[in-house]
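Undergrad: Below are the structure tokens for one structure; questions will follow.
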């Protein structure tokens, strides 16, 4: 027998073994936490975007960006989990698109949290010049750059 046949047989046996473990029950807590987060994040986002004072604060813009990236990641992850649970056949292009957007959202979240640390450092280090260093318009440009960087870094 060739090695590819051995690998195929081993893979088949492994899949059958995992089906006996009822791993699909692990989807339940994940779905509950995802749905709770998808209910809470829009409330927080609406509070930030409806308040003029919060929209002008850099830290809240960074939090809003994290919440949006988190919701995008969770929606795509939930869609992927549902496809896995129902054993749906997903076209290769859709799978690649889901993967690309999921990785982009994840990277954007990580980069935004890093920017939160930099923002806190700037606020503590230069308290009198902080609002001149990071006005809302500059923060918006930085966040667009973060999304572009997250999308481009995925292709490397």
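Heads up, residue numbers simply count up from 1 along the chain you see.
Just so you know, glycine gets a Cβ as well, placed from its N, Cα and C.
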Undergrad: Among 71-90, 131-150, find the range that TrEMBL records as transmembrane segment.
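TA: Residues 71-90 are the ones TrEMBL records as transmembrane segment.
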Undergrad: Among 1-25, 26-50, indicate the range for which TrEMBL gives the feature transmembrane segment.
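TA: In TrEMBL, the transmembrane segment feature sits at 26-50.
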Undergrad: With DSSP as the reference, give the number of residues of the domain 'G-protein coupled receptors family 1 profile' (40-156) in helix, strand and coil.
TA: 99 helix, 0 strand, 18 coil
Undergrad: I'm checking region-level scores; what's the whole-number mean pLDDT for the domain 'G-protein coupled receptors family 1 profile' (40-156)?
TA: 93
